[in-house]
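Asks: Pasting in a structure now, in structure tokens, and then I'll have a few things to ask.
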Amino acid sequence: MSSVKIECVASEGYRIGESPVWDEKESALLYVDITGRKVCRWSSITKQVQVVSVDAPVSSVALWKSGDYVITLGTRFAALKWKEQLVTTIAHVDKDKPNNRFNDGKVDPAGRYFAGTMAEEIRPAVLERHQGALYTLFSDLSVVKHFDQVDISNGLDWSLDHKTFFYIDSLSYSVDAFDYDLQTGKIGNRRSIYKLEKEESIPDGMCIDTEGKLWVACYDGGRVIRLDPETGKRLQTVKLPVDKTTSCCFGGKDYSEMYVTSASDGMDKEWLSQQPQAGGIFKITGLGVKGVPPYPFAG
């Protein structure tokens, strides 16, 4: 194994940093601060962070073929024009659940935006159960609901052959797989491929590498773990200097760097004094694997 190095590239102390996405065109990392209501962009060239503030909890961001971004905002899919700092609603879900919000989202290999909802938390990972659902925003801007009864809709990605969809409902402590039809975007035959160990705590965001292995950020577990979805075995654990690791993606010139977001919400003064980098954005190098570039929304 090459030597793994971890550095904090943005130590702004985000409340719930989430949804890291590499923007190749800008040589930058996109991510959100959910409760801070911010979409952020960290430039790997200038090392500066640009911020667009929004009017509701913003839980995920994705690239758009048009050159702009798509976000999940409250219970809306929305378009974000970065230069103009302009947000316009595309579609609204869970209208009958005013206490809900979107959580994690990602674009599939055909350019559809998958994202799920959850009830607003009373405190971190404590919320009204089974209020969420998983949705897809299609390129014609129509929305399909796949299933409901979700606790905390989270990490998602697709296998390299695009035949399997991986998904996490955090409070099930499980990483699940579905059969995936790339033509239609339909999913079925749900099964668990990995159950988290006690010290790994809560599965959160997830990404895939070019070897088809999954990387899962463990909320309250202070780590990312690498899993083999075929065997259900854990292959590697990378510990971070903060407990509330929330999500991960690959980026950098050749997608050999891993970026990990984290949260500081729910931490008291003493806890924060022990983890001054809580809510920071981390870069991990030396993993010896590369990631898959993100797909842009085709709408």
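Note: Cβ is positioned from N, Cα and C throughout, glycine not excepted.
Sequence annotations record features per position, and here TrEMBL assigns domain 'SMP-30/Gluconolactonase/LRE-like region' to 16-264. Look at TrEMBL and you will find E18, N154, D204 tagged as divalent metal cation binding site. The substrate binding site annotation in TrEMBL covers R101, N103, E121. Marked as active site, proton donor/acceptor by TrEMBL: D204.
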Asks: Output, ordered by sequence, the same-chain residues six or more apart from E121 (substrate binding site) with a CB under 8 Å from its CB, or 'none'.
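Replies: Listed in sequence order, they are L127.
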Asks: Validating a neighbour-count step here. Other CB atoms within 10 A of the CB of N154 (divalent metal cation binding site): how many?
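Replies: Around N154 (divalent metal cation binding site), other Cβ atoms within 10 Å: 30.
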Asks: Reported as an integer number of Å, what is the Cα distance between D204 (divalent metal cation binding site) and N103 (substrate binding site)?
Replies: 10
Asks: Beyond the listed site residues E18, N154, D204, identify every same-chain residue whose Cβ lies within 8 Å of the center of their Cβ atoms for the divalent metal cation site.
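Replies: Neighbours within 8 Å of the Cβ centroid, excluding E18, N154, D204: S19, N103, D104, I152, G155, I168, S170, G205, A217, Y219, T246, S247.
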Asks: To the nearest Å, how far is the Cα of R101 (substrate binding site) from the Cα of N154 (divalent metal cation binding site)?
Replies: 12
Asks: Excluding R101, N103, E121, please set out which residues of the same chain place their CB within 8 Å of the center of the CB atoms of the substrate site, keeping sequence order.
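Replies: Neighbours found: I34, P57, S59, N100, F102, T117, M118, A119, E120, L127, I152.
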Asks: Just the number: how many Å between the Cα atoms of N154 (divalent metal cation binding site) and N103 (substrate binding site)?
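Replies: The separation of the Cα atoms works out to 6 Å.
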Asks: Could you tally the C-beta atoms, other than its own, that fall within 10 angstroms of the C-beta of R101 (substrate binding site)?
Replies: 23
